[in-house]
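Questions regarding the structure given below will be posed in turn.
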Amino acid sequence: MVEAQTWTTRRMSNPRLDSTPTADHQVLDIPVTPTADLRNSIGSHLSPNLLTPLIIASWFMSNIGVLLLNKYLLSFYGYRYPIFLTMLHMISCASYSYLAINFLEIVPRQHILSRKQFLKIFALSLIFCFSVVCGNTSLRYIPVSFNQAIGATTPFFTAIFAFLITCKKESAEVYFALLPVVFGIVLASNSEPLFNLFGFLVCIGSTAGRALKSVVQGILLTSEAEKLHSMNLLLYMAPMAAMILLPFTLYIEGNVARVTLEKAKSDSFIIFLLLGNATVAYLVNLTNFLVTKHTSALTLQVLGNAKAALAAFVSVMIFRNPVTVMGMTGFAVTVMGVVLYGEAKKRSKAQLATH
């Protein structure tokens, strides 16, 4: 899937190392709030009172939908090819992005200006592939609810990588706010009835990959000339990611094409599932952009926290995976820690601004 990650780990147009990730599994970064003329370019014929709730509802449905579809395909339907599935997501994102930018003109087209910029985007694509494949693979082994709880620890890994790579230090209050994030996931892990060590480890890898990508992006794409709008960055990263994944799916999942064709002959529903899943994966990125465009990045941060809890609840209702009171408590503590972390970051930034 295309990870429904946190709002800050998806900010492509102007990344910051001091942004606040949330428990969202989504792959790509979101832009800063666009200018007024860009805000009105899409959906200007609809009342804002109707358009904004509609966009937010679409964001919830696409973000939760891609998680549930991935879980169903990989765990219940028996389609055990997470790398190939991720490659389909990338092909879909590349195709839809090309149509949206070149024909619908959602955002102005930007071009890669140098070989150096190309290599930087390619490096981000490598980290991106690792994160998304690990996230999809984890859904084969652990429930969506546990997957979302682990994803909430993104701020913890972001703080670690920011310190290790850039020597960036946060205030004591910010580090203290990370304690419930870690404690909550430890509590949830010890109480998870369907705990799987491999699934847990690859999900941790996915979460750490998202955090690493946000930090590395803040280092690599710092020049104003090299910064790309999130939809343009998706246009270039998606085909790169598909090409990176192709040799891996051929080597590790070598018979995936034959198996998919045989399944399609006996059950055409697999075609609908794969195409629908790939389309929803693109809609995750589109609605991320639209929510930010019509509200703000802060709104998307708040929605990300709500989405994690709602996705966990819906998945339990649909897939009937067992949960414990202690596990739910751990999830709640982790989400609470993310909220406290965000508030601590805002106060830290405000104090720095006054000095």
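Backbone N, Cα and C define each Cβ position, glycine as well.
TrEMBL does not curate its annotations; it predicts them automatically.
Sequence annotations record features per position, and here TrEMBL assigns region 'Disordered' to 1-22. Summarising the annotation, TrEMBL assigns transmembrane segment to 50-69, 81-101, 121-142, 148-165, 172-188, 233-252, 268-291, 325-342. Summarising the annotation, TrEMBL assigns domain 'Sugar phosphate transporter' to 54-341.
Would you situate these features in the structure and describe their surroundings?
Away from its own ends, the transmembrane segment (81-101) comes close to residues 1-2, 70, 73-74, 107, 109, 129, 132-133, 136-137, 139-140, 231-232, 234-235, 238-239, 241-242, 245-246, 248-249, 252-253, 256, 259-260, 274, 277-279, 281-282, 285-286 of its chain (Cβ-Cβ under 8 Å, at least six residues beyond either end).
Below 8 angstroms of C-beta separation, residues 146, 149-150, 152-153, 155-156, 159, 326-327, 329-338, 340-341, 343-345, 347-348 of the same chain, each at least six residues beyond the ends of the transmembrane segment (172-188), sit close to that stretch.
Residues 12-13, 28-29, 81, 83-84, 86-87, 90-91, 93-94, 97-98, 101, 112, 121-122, 124-126, 128-129, 132-133, 285 of the same chain sit 6 or more residues outside the transmembrane segment (233-252) yet have a Cβ under 8 Å from a Cβ within it.
Remote same-chain partners of the transmembrane segment (325-342), defined as residues 6 or more beyond its termini with a Cβ less than 8 Å from a stretch Cβ, comprise 20-23, 145-146, 148-149, 152-153, 155, 174, 177-193, 301, 305, 308-309, 312.
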